[in-house]
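Enquirer: Please read through the structure below; I'll follow up with questions.
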Amino acid sequence: MFKTVMVLGHFRGIRLEVHISWLVIFALILVTLSTTLMHHYPEWRLQTAVLTALFTALAFFASILAHELGHSLVAIRRGIPVKAITLFIFGGMAQLGKDSDNPEDEFHIAIAGPLVSFGLAAIFLALSFLFSPFLEPASVAFGWLGVINLVVAVFNMIPGFPLDGGRVFRAAIWRFTGDARKGIRAAVMGGRVVAYSLFAVGLWNGLFLGNLLGGLWIILIAWFLLTMADVHGKQFDLRQQLVGIQARDLADFELYPIDPTTSIRDWVDHYLLPRSERAALVGNQDSIHGLITLSDIRRIPPADWPDTPVSRVMTGLDRLRTVRPDTGVEEVLTVMTETGFNQLPVMDTDRVIGWIDRNRLLRALEVQLATRPRGS
Ligand SMILES: [Zn+2]
């Protein structure tokens, strides 16, 4: 299958990946920088210009990665797991495992990225100054990197979601009012204002200044910011509603395990079809050995079903991801998505005490959300 994301490696448990759309930016920087350099420094040889552009593009790439690592390492230090850093057409994104619990965490995580970019800008500008007397291409490259990191830092400090400044703004309002929701509303609103202003700037550029490509680019960024601001807002509302719902509220504690020696044929005829279920635990009430699902038996030709015990095709407990009774619903859903399993056993210490099926989970969630009192 065609992959749109390339994994570069792992750092402190964070998956570092590049989305295919990043290549567009990379190519764009490479081409525009090479041509600009050749135009400004006609005395340079072609390969000097191209190599300088290539070095600059790669260092820019590393700068964005460093910015995201800034966010991520502070998040990890504050107990918030980071799954991945993805570089894509509009920059980078660190995927945090959960929302901040307090405005202080939110502030420190948000500010870390721009601080890294400001720091890099200072270092690159100093290097540009140092190299200028004897190595012009290096000085030019460092100068460009210094300016672009400064732009990244300043642009990110605009107070609207999903920009870092939006998160700082959110933290400030949260801290000031003590209300996480007011913070998010303000930051989402800020994000909309930023996005609509950029739309206007993009239109102005395209229609009146004749800068069609630049204008279009700004409009694309505005559209992305607007979408993300709304996603952030909705995600937050949903998370707020899910707070406090745990695996134990959604699990089925009637295990009905089937005996490991049961043939697939018997399971299908006597359990699966009559109960219209898609999966079953295998074992007995005292010990569960694994889980069998519809997709497990698809691998076996129906002619062999009468002679194949379920224990032979099931997924053993040791290979299943499990959750604890107090695991939050958000993590339950994440585990299901990550593993591709629609059923998760619920373990208390070393014993399976229940299991969660995706369909049942969604129904249970609906009931929970409809019946629990709205927190204010
Ligand atoms: Zn950032």
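Note: Cβ is positioned from N, Cα and C throughout, glycine not excepted.
Below are the features I grabbed from TrEMBL:
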ACT_SITE  GLU68  active site
BINDING   HIS67, HIS71, ASP164  Zn(2+) binding site
DOMAIN    314-371  domain 'CBS'
TRANSMEM  20-37  transmembrane segment
TRANSMEM  49-67  transmembrane segment
TRANSMEM  79-97  transmembrane segment
TRANSMEM  109-135  transmembrane segment
TRANSMEM  141-163  transmembrane segment
TRANSMEM  210-229  transmembrane segment
Enquirer: Compare 49-67, 79-97, 109-135, 210-229 by their Cβ pairs under 8 Å to the transmembrane segment (141-163) and return the stretch that comes out on top.
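Expert: Ranking 49-67, 79-97, 109-135, 210-229 by Cβ pairs under 8 Å to the transmembrane segment (141-163) puts 109-135 first.
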Enquirer: Any same-chain residues 6+ apart from ASP164 (Zn(2+) binding site) with CB under 8 Å of its CB? Would you list them in sequence order, or say none?
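Expert: HIS71, ALA110, ILE111, GLY113, PRO114, ASN156, MET157 - these are the non-local Cβ neighbours of ASP164 (Zn(2+) binding site), listed in sequence order.
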Enquirer: Around the Zn(2+) site formed by HIS67, HIS71, ASP164, which additional residues qualify by having Cβ within 8 Å of the site's Cβ center?
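Expert: These residues sit around the Zn(2+) site: GLU68, GLY70, GLY92, ALA94, ALA110, ALA112, GLY113, PRO114, VAL116, SER117, ASN156.
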Enquirer: Could you pull out which residues elsewhere in the chain have a CB under 8 Å from any CB of the transmembrane segment (20-37), counting only those six or more residues past its ends?
Expert: 4-6, 44, 49-50, 52-54, 56-57, 60-61, 87-89, 140, 144
Enquirer: Please figure out which one of 49-67, 79-97, 210-229 racks up the most CB pairs under 8 Å against the transmembrane segment (109-135).
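Expert: It is 49-67 that shares the most Cβ pairs under 8 Å with the transmembrane segment (109-135).
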Enquirer: List, by number or range, the same-chain residues at least 6 past the transmembrane segment (79-97) whose CB is under 8 A from its CB atoms?
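Expert: Residues packing against the transmembrane segment (79-97) from afar: 5, 13-19, 21-22, 24-25, 61, 64-65, 67-69, 71-72, 105, 109, 152, 221, 224.
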Enquirer: Mean pLDDT for the domain 'CBS' (314-371), rounded to an integer?
Expert: 81
Enquirer: Specify the count of other C-beta atoms within 10 Å of the C-beta of HIS67 (Zn(2+) binding site).
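Expert: Taking all protein chains shown, HIS67 (Zn(2+) binding site) has 28 Cβ neighbours within 10 Å.
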Enquirer: Counting by DSSP secondary structure, give me helix, strand and coil numbers for the domain 'CBS' (314-371).
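Expert: Going by DSSP assignments, the domain 'CBS' (314-371) contains 28 helix, 17 strand, 13 coil.
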Enquirer: Compile a sequence-ordered list of residues in the same chain as the residue listed as 'active site', six or more apart from it, whose Cβ lies below 8 A from its Cβ; state 'none' when nothing qualifies.
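Expert: Long-range Cβ contacts: ILE85, LEU87, GLY92, MET93, ALA94, GLY113.
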Enquirer: Do any residues of this chain, six or more beyond the ends of the transmembrane segment (210-229), have a C-beta under 8 angstroms from a C-beta of it, and if so which?
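Expert: Result: 90, 160-163, 166, 188, 191-192, 194-196, 198-199, 201-204.
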Enquirer: Let me check the 10 A CB neighbour count of HIS71 (Zn(2+) binding site). How many other CB atoms are there?
Expert: 26
Enquirer: Tell me the coarse DSSP state (helix, strand, coil) of ASP164 (Zn(2+) binding site).
Expert: helix
